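Student: Swiss-Prot feature annotations, pasted as is:
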type	residues	note
TOPO_DOM	1-48	topological domain 'Extracellular'
CARBOHYD	ASN24	N-linked glycosylation site
CARBOHYD	ASN30	N-linked glycosylation site
DISULFID	CYS33-CYS197	disulfide bond
TRANSMEM	49-69	transmembrane segment
TOPO_DOM	70-79	topological domain 'Cytoplasmic'
TRANSMEM	80-100	transmembrane segment
TOPO_DOM	101-118	topological domain 'Extracellular'
DISULFID	CYS116-CYS201	disulfide bond
TRANSMEM	119-139	transmembrane segment
TOPO_DOM	140-162	topological domain 'Cytoplasmic'
TRANSMEM	163-183	transmembrane segment
TOPO_DOM	184-207	topological domain 'Extracellular'
TRANSMEM	208-228	transmembrane segment
TOPO_DOM	229-263	topological domain 'Cytoplasmic'
TRANSMEM	264-284	transmembrane segment
TOPO_DOM	285-299	topological domain 'Extracellular'
CARBOHYD	ASN289	N-linked glycosylation site
TRANSMEM	300-322	transmembrane segment
TOPO_DOM	323-351	topological domain 'Cytoplasmic'
Amino acid sequence: MAVSSEQHELSHFKRTQTKKEKFNCSEYGNRSCPENERSLGVRVAMYSFMAGSIFITIFGNLAMIISISYFKQLHTPTNFLILSMAITDFLLGFTIMPYSMIRSVENCWYFGLTFCKIYYSFDLMLSITSIFHLCSVAIDRFYAICYPLLYSTKITIPVIKRLLLLCWSVPGAFAFGVVFSEAYADGIEGYDILVACSSSCPVMFNKLWGTTLFMAGFFTPGSMMVGIYGKIFAVSRKHAHAINNLRENQNNQVKKDKKAAKTLGIVIGVFLLCWFPCFFTILLDPFLNFSTPVVLFDALTWFGYFNSTCNPLIYGFFYPWFRRALKYILLGKIFSSCFHNTILCMQKESE
């Protein structure tokens with residue numbers, strides 16, 4: 001989720017703000033890009049790192065999308081949630097991260113103000129949508145592990161459809177509504193002239209909307225995930241203590257629950273590690289008079305993006321079915337007739 005890279009200019013714009021609708025931008029460079037102070041070596045290194053992250057995000061999530069869509073054995077409620085999350089992360093990597101890479105390295109926005117709003121709306125929507133999907137997966141695993149007898153009646157395809165509708169519609173309405181109304185900038189002195197004269201894609205949140213974004217986009221879903229994981233972890237430990245008294249099929253269920261709890265714990269841990277610094281900075285920045293350094297904002301933004309890079313790597317590491325599906329994709333076997341009925345895993349591996 002990109003944030004503005006023009007905080008250091010805002011204080012200067014405040015001192016020269018006028019009530020006129022048109023601004024004389026001559027002293028601000030007439031929207032021309034400032035000279036890039038980074039050396040060629042630094043820029044090449046930044047492009048290489050960011051391009052690598054984009055490559056993994058796009059093709060890792062694309063492999064997940066193809067795997068779940070193609071192989072019938074993977075058509076389960078849980079995997080439909082993972083499929084939708086992979087689509088979200090794929091779109092973030094394909095449509096947002098390349099523009100963010102150019103802006104971050106060149107310290108300039110080349111694509112105009114109208115596209116800036118469209119870009120930032122999708123950036124904000126996809127980032128929050130990805131987070132909402134992680135929360136939905138946690139809810140799914142909560143019922144599967146803590147209430148296994150009720151799972152098939154509670155987590156049905158219609159329920160998954162409603163969850164997915166919520167995951168996409170709420171972030172979309174929030175992002176496009178806030179960005180195109182420019183409500184996020186109400187009360188920020190100098191913002192109008194910053195938009196009119198700067199060479200960036202300036203989006204910065206005031207105290208109200210910075211707090212709202214932090215609470216709705218991070219704190220609430222994050223708290224839900226941590227609480228759910230705590231309950232799952234407690235139940236899996238309780239099951240593990242009774243492992244010696246169980247039959248083999250029950251023993252396998254306990255092992256599956258333990259693995260699911262471990263995987264979910266890693267997913268939540270990576271989410272908190274990647275997104276907390278970015279959201280916390282957005283929350284604090286308006287209270288600090290927008291004094292956060294540009295380089296720090298860019299670094300935290302890419303740290304958040306990295307969550308979408310990590311998701312397919314986590315599932316690929318912990319789920320054998322994904323590794324087998326990826327192998328078949330790379331070998332081109334999915335183009336064979338009826339190969340979609342291939343058994344990728346035993347039932348105990350499929351969840």
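Cβ atoms here come from the backbone N, Cα and C positions, even for glycine.
These numbers come from a predicted model, not from an experiment.
Can you walk me through where each of these features ends up in the structure?
Tutor: Taking the topological domain 'Extracellular' (1-48) as a whole, pLDDT averages 65 in the prediction.
Taking all protein chains in view, 22 other C-beta atoms sit within 10 angstroms of the C-beta of CYS197 (disulfide bond).
Nonlocal intrachain contacts for the transmembrane segment (49-69), taken as residues 6+ away from its ends with a CB within less than 8 angstroms of a stretch CB, comprise 75, 79-80, 82-83, 86-87, 89-90, 92-94, 97-98, 100-101, 104-105, 302, 305-306, 308-309, 311-313, 315-316, 321-322, 325-326, 329, 334.
Residues 137, 140-141, 144, 155-157, 159-160, 321, 325, 334, 340-345, 350-351 of the same chain sit 6 or more residues outside the topological domain 'Cytoplasmic' (70-79) yet have a Cβ under 8 Å from a Cβ within it.
Here the transmembrane segment (80-100) has Cβ contacts under 8 Å with residues 2, 50, 53-54, 57-58, 61-62, 64-65, 68-69, 111, 119, 122-123, 126-127, 129-130, 133-134, 136-137, 140, 157, 160, 163-164, 167-168, 301-302, 305, 308-309, 311-312, 315 of the same chain, all six or more residues outside its ends.
In the three-state DSSP reading, CYS116 (disulfide bond) counts as helix. Over all protein chains present, the Cβ of CYS116 (disulfide bond) has 20 other Cβ atoms lying within 10 Å.
Panel annotation: around the topological domain 'Cytoplasmic' (140-162), residues 77-78, 80-81, 228, 231-232, 235-236, 253, 257, 260-261, 264, 351 of the same chain, lying at least six beyond its termini, place a Cβ under 8 Å from a Cβ of the stretch.
With DSSP classes pooled into helix, strand and coil, the tally for the topological domain 'Extracellular' (184-207) is 10 helix, 0 strand, 14 coil.
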Student: Using a 10 Å cut-off, grab the number of neighbouring Cβ atoms around the Cβ of CYS201 (disulfide bond), all chains included.
Tutor: 26
Student: In the topological domain 'Cytoplasmic' (70-79), how many residues does DSSP put in helix, strand and coil?
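Tutor: Helix (H, G, I), strand (E, B), coil: 7 helix, 0 strand, 3 coil.
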Student: By a Cβ-Cβ criterion of under 8 Å, what residues six or more beyond either terminus of the topological domain 'Extracellular' (101-118) are in contact with it?
Tutor: 2, 5, 33-34, 36, 38, 43, 46-47, 50-51, 54, 179-180, 195, 199-201, 203, 294, 298, 301-302
Student: Assess whether the transmembrane segment (264-284) lies in contact with the transmembrane segment (163-183), where contact requires at least three Cβ pairs under 8 Å among residues 6 or more apart in sequence.
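Tutor: Contact between the transmembrane segment (264-284) and the transmembrane segment (163-183): absent.
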Student: Six or more residues beyond either end and a Cβ under 8 Å away: which residues meet both conditions relative to the transmembrane segment (119-139)?
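Tutor: For the transmembrane segment (119-139), the sequence-distant neighbours (Cβ-Cβ under 8 Å, at least 6 residues beyond its ends) are 1-2, 78, 81-82, 84-85, 88-89, 91-92, 95-96, 99-100, 111, 163-164, 166-168, 170-172, 174-176, 178-180, 201, 203, 216-218, 221-222, 224-225, 228-229, 264, 267-268, 271, 275, 304, 307-308, 311.
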